[in-house]
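S.K.: Look at Swiss-Prot and you will find 59, 362, 618 tagged as site 'Interacts with target acceptor peptide in protein substrate', backed by similarity to another entry. Taken from Swiss-Prot, the feature site 'Important for catalytic activity' covers 170, and the record attributes it to similarity to another entry. Swiss-Prot lists 359-362 with the feature motif 'SVSE motif', giving similarity to another entry as the kind of evidence. Residues annotated as dolichyl diphosphooligosaccharide binding site in Swiss-Prot, with similarity to another entry given as evidence: 416, 553. For 560, 567, 571, the entry in Swiss-Prot reads N-linked glycosylation site. Annotation source Swiss-Prot lists motif 'DK motif' at 615-622.
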């Protein structure tokens, strides 16, 4: 009464602002979503605040360079661009060998900002594209969670994915890679498809197809979608959940999505010819059979006759399908699975057959510690969420269960795919957290009712039982309060962990290195940019640079020089040739470099600073990749009793190969640690075995301040006498 009197005493304009319960809920929901949206964006800005606005890693530099070209020259020139500065002397057809979604998105955002009279450099747009789409992903996660469960689960899912380290790892500011927009497209496609299945709406189905098209344009991970959707449809068919809604949703999404995806030059006819896409086509035809059988069953209206017809139809379908698959494979129309696809099904395949795939760190199997590092408490909420989903089975919960289980399997096979599993883990964990909190709060709000006096023996016993329940209610409520406080504590620890991981682990650009000094202060190593600046200012504009493929994109984008190989890795033989040169004696390597018109050689060395991701640690992969094409290169020649060494006990070929000489040239004169002999390698923890290195065919051109990047000039051939 007092509250009502106080409200009535307010002025009329303020009294009109009183909201109904539903309006209050809507206001709180919108406010929470807005805060989550801002949080998702801001938490990814650590690298910009700590360093500066810059592009991270290796691949993003190619994406930035192509976006700059697109912004300056237009889409037509970009789509038909032949890049002479990469893969010399082969070059690269850029438009037909990339997924353009990321570049087009950033270019459109840049044009939009310019149209709004905001003078922003294209680099700043590229740096902030991933955080912007990560914030948008929280909105999709909310809508998806609400579609699967309820609005509470949607809000929790949005909050969890906003700070989930498994997603933040590839969406921080400066991480201008395909995954920055692809995870948004992935989740959007799944949400629209589930919405289409739930409603049977053609509009939602077509929207799902356009979401799939955006995913195809952005990242090769679209293969996960085009295989998960048919698997989901197949499960629904097997479990007797076929419906007209499912028929409309899948057929519309598949047909329109296929036609749109084929417009991407890098995909083209692979969508109807590649073995990786055949499952989707097979389920499409299977759905037509189901629709036909459903129609025949309605016409016949005779169970016995329909069973006979069903038996004949299934026999014909299986026979025709098997023949079509066999003939298509034998004739070469259906291409086999790619090496990356095989490596997902068999984790040992790449190591045994395609070492260049196995050499990439993000293609390695995932350690258990990585799951805990990237998911924290979600790793324990995930099984609980699966339990709640199975408890309330529907078409939507079946989909999220399948998405969660399949993505977690692939995340275990390849560490990079934790990124794909992150949205599923957040959604399923949100269901567990939301349902648990809702049950606990319902119990806490329950009011005890004293049993009424009733006549009769049976009524008396019921009242006694009810009284016993009411007497235990306070204890249950106390337990519920304790559990609720525990849940909020764990979620708060999750938030703290995510913030710490984002700040310390995922916000360090690999092009600028940082370490702690002896006094605890931060020491910055800016050697990469120093080396690329030197290349740009001190070498001829047509100079050809040979390095391991990891640094190709950065050299081209920042050094503005032609490279022999880069991160595209489309030509294994060309990369193997570079690996052979690095693994050979100097005179043999010189002949290879002359055949490739190499002017400078760039190597990365961490023996002075303790930087472990240097070329000496990558060298065995150069040997394996080179030996895979050129049998003259044999890995055992560089090992001693199966052990990789760089000290006095190292193999003779190791001590005299080009890579060893370029990394350790003049290093034997240098004292790196107090109390250690000259030539002490701080990464390997040993004194090098060959200190008296002489170069005959190359000469040192430049070494950065901390010796991390070393550049050598290839001497011109001597005149014939």
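Heads up, the Cβ atoms here are built off N, Cα and C, so glycines get one too.
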S.K.: Counting only residues 6+ apart in the same chain, whose Cβ is under 8 Å from the Cβ of residue 416 (dolichyl diphosphooligosaccharide binding site)?
M.R.: 362, 363
S.K.: To the nearest whole angstrom, state the Cα distance for the pair residue 618 (site 'Interacts with target acceptor peptide in protein substrate') and residue 553 (dolichyl diphosphooligosaccharide binding site).
M.R.: 18
S.K.: Quick one: Cα separation, residue 170 (site 'Important for catalytic activity') versus residue 567 (N-linked glycosylation site), in Å?
M.R.: 17
S.K.: Quick one: give me the count of other CB atoms within 10 A of the CB of residue 571 (N-linked glycosylation site).
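M.R.: Here the count is 13.
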S.K.: Please work out which residue of 59, 362 has the most C-beta neighbours within 10 angstroms of its C-beta, and give that one of the recorded sites.
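M.R.: Answer returned by the neighbour count: 59.
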S.K.: Would you mind sorting out which of 553, 560, 567, 571 (the recorded positions) have a C-alpha within 10 A of the one on residue 59 (site 'Interacts with target acceptor peptide in protein substrate')?
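M.R.: Neighbours among recorded positions, in sequence order: 553, 567.
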S.K.: Give me the Cα-Cα distance between residue 553 (dolichyl diphosphooligosaccharide binding site) and residue 567 (N-linked glycosylation site), rounded to a whole Å.
M.R.: 6
S.K.: Report the same-chain neighbours of residue 560 (N-linked glycosylation site): residues 6+ apart in sequence with Cβ closer than 8 Å to its Cβ, ordered by sequence.
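M.R.: Within the chain, residue 560 (N-linked glycosylation site) has Cβ neighbours under 8 Å at 85, 535, 536, 541.
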S.K.: So what's the average pLDDT for the motif 'DK motif' (615-622)?
M.R.: 92
